[in-house]
Amino acid sequence: MKRIAVLTSGGDAPGMNAAIRAVVRKAISEGMEVYGINRGYAGMVDGDIFPLGSKEVGDKISRGGTFLYSARYPEFAQLEGQLAGIEQLKKHGIEGVVVIGGDGSYHGAMRLTEHGFPAVGIPGTIDNDIAGTDYTIGFDTAVNTAVEAIDKLRDTSSSHGRTFVVEVMGRNAGDIALWAGIASGADQIIVPEEEFDIEKVASTIQYDFEHKGKNHHIIVLAEGVMSGEAFAQKLKEAGDKSDLRVTNLGHILRGGSPTARDRVIASWMGSHAVELLKEGKGGLAVGIHNEELVESPILGTAEEGALFSLTEEGQIIVNNPHKARLDFAALNRSLSQ
């Protein structure tokens, strides 16, 4: 394989630029040419494809977002869009593609593979909800950003004796809420993976104020449960009498310079994706499991609720993607007593 392309798709995540940089520089070191695709699958179909060299990725490792831009392009789910994209790739002499993004991006990569065009996926999303990897690019940065914000909210919460509901991104996964909640010493964490009793949440707030000597209360809420405003309304209906405020951290979690960890894992996975394409391997997604690189079938990782990893013998192992999350939920309960 002499010429490959790289794209970012779906929601942006800190560390994507580090992954692009690794793909470009690793490929060049292997004697391959690299092309960038602007705006994900939309740019692929439109032919927004151009050469990338070491100079173009210089000084990008510390930048958040993605300099290749990103876009959601539902038309690629249709056969017409897929064939149009492949036609553009062949027109530019491209033989394989590295796709950086979330599960929607992986579905696109899976379609390319089904049409016989080699594609390798790299998990890039702050949500950390991609099967086949313990961590996704951008997750660590998002958690650190959330912790910094919650620490500041605690300052004002304690100054005024208030309860704060802090809503964080994560789509249908509670990873950001759990990690940020534990790291910031949240009093309660509400995530989609665990059922909750709103009356118990309200009574816990009251008990903390009346019997534990606390003058403030922090609840970290994953957006996959409900909005912060809706949760606050339910709290009031359940009898909460505290001075309640809601803060939605929103898209701020997607921005900022990536952490050292995100830069390292992005570089590691980007380099390995090139190695796979050089070997002519497509239809795989790169991930990290137990601090080691792993490869998973894109077909498995793109299916919600499945978690696949490969042994050295090539056997597929199915694991439980929510075990660590539930362990963390139990951990926070024990620490917030």
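Glycine too: its Cβ is placed from the backbone N, Cα and C atoms.
For the ADP site, Swiss-Prot records R21, A22, V23, V24, R25, G185, A186, D187, K212, K214, N215, H216, and the single candidate of R3, R154, R245, R254 listed with them is R154. Going by what Swiss-Prot states, the ATP site holds R72, Y73, G102, D103, G104, S105, and the candidate of G11, G15, G31, G161 recorded there is G11.
What Swiss-Prot records for the substrate site is T125, I126, D127, R162, M169, G170, R171, R245, H251, I252, L253, R254, and among E193, E194, E223, E275 the residue it adds there is E223.
Same-chain neighbours of the ATP site beyond G11, R72, Y73, G102, D103, G104, S105, judged by a C-beta within 8 angstroms of the site's C-beta center, are, in sequence order, S9, G10, G40, G101, H107, G108.
The Cβ of D127 (substrate binding site) lies under 8 Å from the Cβ of G11, G102, T136, F139, M169, G170, R171, A173, D175, I176, each of these being in the same chain and 6 or more residues away along the sequence. When the neighbouring Cβ atoms lying within 10 Å are counted for each of the binding-site residues (R25, R72), the highest count belongs to R25. Secondary structure from DSSP puts R25 (ADP binding site) in a helix.
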